[in-house]
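Below is one structure, written out as structure tokens; the observations come after it.
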Amino acid sequence: MTAVNAKQQEPDKYSLHDAGFKKIMIAMTSASILVFANLYFVQPIMPLLVKAFDITSATAGLSLSAAVVSMIFGLLFFGFLSDRIGRVSIMNITLVCTIIPLVLLPVAPNFETFLVLRFLQGICIAGLPAAAIAYLGEELDSRSVSLGITMYIAANAIGGMAGRIFVGYIADMASWQTSVYFLLGFSILLFIIYFMALPKSHYFKPSKISVQKDLSGMGSHLKNTELFPAFAMGILLQFSFTGVWTYLPFYLEQDPFHLSVKNISFTYLAYSFGIVGSILGGRLSAHFRQTTLVSVGTIILIGGTLLTNVHSLSVIVIGLCLTCLGFFVAHSLMAAIVNERAAHHKAGASSIYLVSYYLGVATGGTLAGLVWQTGGWTGITVVSFGLLPVVVWLMAGSRKVHR
């Protein structure tokens with residue numbers, strides 16, 4: 001009887017037309033913009049970091065990679081922790097800790113200190129993506145959760161775009177230190193909106209599964225021949241994509257363009273095509289096989305990156321827009337492919353894909369720097385051809401799944 005009464009007192013999950021749904025989405029999109037603006041804001045100011053700290057372009061790429069590498073460990077740690085102590089607690093604490101390094105980064109005495117702060121910030125950044133999808137899945141009803149997750153992922157792209165443009169523009173008008181302080185103020189505002197809007201969690205139930213069993217289940221996915229190409233695709237997609245966007249400022253500040261950081265930052269508006277790509281990929285998946293759409297998206301990405309070799313700003317912008325469109329079509333469907341191919345521990349399979357995805361970001365931010373130094377921009381764009389054999393591998397796995 002007590003259990004029945006408790007169930008009756010439990011509120012219904014939020015649906016699309018509830019005020020609670022709107023509050024959750026205001027909170028989660030604000031948090032998403034905060035986190036991904038803080039992750040990617042260093043990209044447009046890397047040429048300024050090169051001058052400020054007297055480092056190479058490849059070394060400057062570590063300012064992104066340091067945060068992403070620590071984020072990978074944070075994703076695993078906070079994923080397990082959020083299953084046990086709650087999603088909201090993890091999100092609240094890590095969002096505050098994400099903001100704190102912004103106070104110290106502008107006064108870092110050397111690049112080594114700057115990297116340590118970015119490494120610590122990356123750990124904290126991981127808290128939101130480690131808990132957000134699970135939180136939305138628990139609090140929203142089955143008819144609303146898909147839209148909620150789509151809006152959250154779209155806000156990932158908006159955050160990355162906003163951080164790059166916002167910081168790049170102000171850095172050119174004032175200094176990179178000033179731009180980081182502006183990002184600090186923007187982040188505090190977003191956190192206040194998030195904190196005031198987020199409803200209390202009603203459906204979280206602590207996991208009773210041991211960490212050892214969770215790890216064992218996740219480890220089995222690495223031996224799955226149908227999942228492995230999907231994980232490889234996650235790494236290579238992001239390696240190619242991150243390499244383009246990390247070293248684009250160095251490309252456009254040289255002959256024959258000589259663009260300022262402010263003008264370079266506007267090229268990140270191409271990310272708006274990424275938002276379109278995410279939505280388009282989801283809708284087309286109802287009519288076409290997911291792996292086919294991933295292949296098409298990958299070909300569009302490769303074509304877009306190759307176009308950026310043409311020494312015409314208008315053609316380069318078109319190429320960047322196609323690169324974003326193709327990348328987000330492919331990426332938006334890869335998680336669904338992983339979920340489909342995982343026979344058990346689906347959450348663990350998704351976590352591994354997320355780790356592979358950010359491993360691609362980390363290597364694309366650093367190893368692509370060696371490609372840039374030896375092969376220039378042509379080398380950066382040719383890297384995308386490495387995706388083709390993996391796509392064929394992925395398609396072969398698809399035929400096995402559908403037999």
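A Cβ is built for glycine as well, from the same backbone N, Cα and C atoms used for every other residue.
Per TrEMBL, these features apply:
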- 24-42: transmembrane segment (TRANSMEM)
- 24-401: domain 'Major facilitator superfamily (MFS) profile' (DOMAIN)
- 62-81: transmembrane segment (TRANSMEM)
- 88-108: transmembrane segment (TRANSMEM)
- 114-137: transmembrane segment (TRANSMEM)
- 149-167: transmembrane segment (TRANSMEM)
- 179-198: transmembrane segment (TRANSMEM)
- 227-248: transmembrane segment (TRANSMEM)
- 268-286: transmembrane segment (TRANSMEM)
- 293-310: transmembrane segment (TRANSMEM)
- 316-338: transmembrane segment (TRANSMEM)
- 350-371: transmembrane segment (TRANSMEM)
- 377-396: transmembrane segment (TRANSMEM)
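Residues of the same chain lying 6 or more positions beyond the ends of the transmembrane segment (377-396) and with a Cβ under 8 Å from any Cβ of it are 229-230, 232-233, 236-237, 239-240, 243-244, 247, 251, 291-292, 294-295, 298, 301-302, 305-306, 308-309, 337, 368, 371.
At the 8 Å Cβ threshold, with sequence separation of at least 6, the transmembrane segment (350-371) comes into contact with the transmembrane segment (62-81) through 3 or more pairs.
When pLDDT values are averaged over the domain 'Major facilitator superfamily (MFS) profile' (24-401), the model yields 87. Among the listed stretches 24-42, 149-167, 293-310, 316-338, the one sharing the most Cβ pairs under 8 Å with the transmembrane segment (88-108) is 24-42. Tertiary neighbourhood of the transmembrane segment (268-286): same-chain residues 44, 150, 153-154, 157-158, 160-161, 164-165, 168, 245, 293, 297, 317, 320-333, 336, selected by CB-CB distance under 8 Å and a gap of 6+ residues from either end. Under 8 Å from some Cβ of the transmembrane segment (149-167) lie the Cβ atoms of residues 25, 28-29, 32-41, 43-45, 132-133, 136-137, 176, 179-180, 182-183, 186, 265-266, 268-269, 271-272, 274-275, 278-279, 282, 328, 332, all in the same chain and six or more residues away from its ends. Residues 39-40, 42-43, 46, 49, 90, 94, 114-115, 118-127, 129-131, 211, 214, 242, 246, 351, 354-355, 358-359, 361-363, 365-366 of the same chain, all 6+ positions outside the transmembrane segment (62-81), place their C-beta atoms under 8 angstroms from a C-beta of that stretch.
Long-range contacts of the transmembrane segment (227-248) within the same chain: residues 43, 46, 57, 61, 64, 221, 264, 267-268, 294, 298, 301, 305, 308, 320, 323, 327, 330-331, 334, 337-338, 341-342, 349, 352-354, 356-361, 363-365, 367-369, 371-372, 377, 380-381, 383-384, 386-387, 390-391, 393-394, 396-397, each at least 6 residues beyond the stretch ends and with a Cβ under 8 Å from a Cβ of the stretch.
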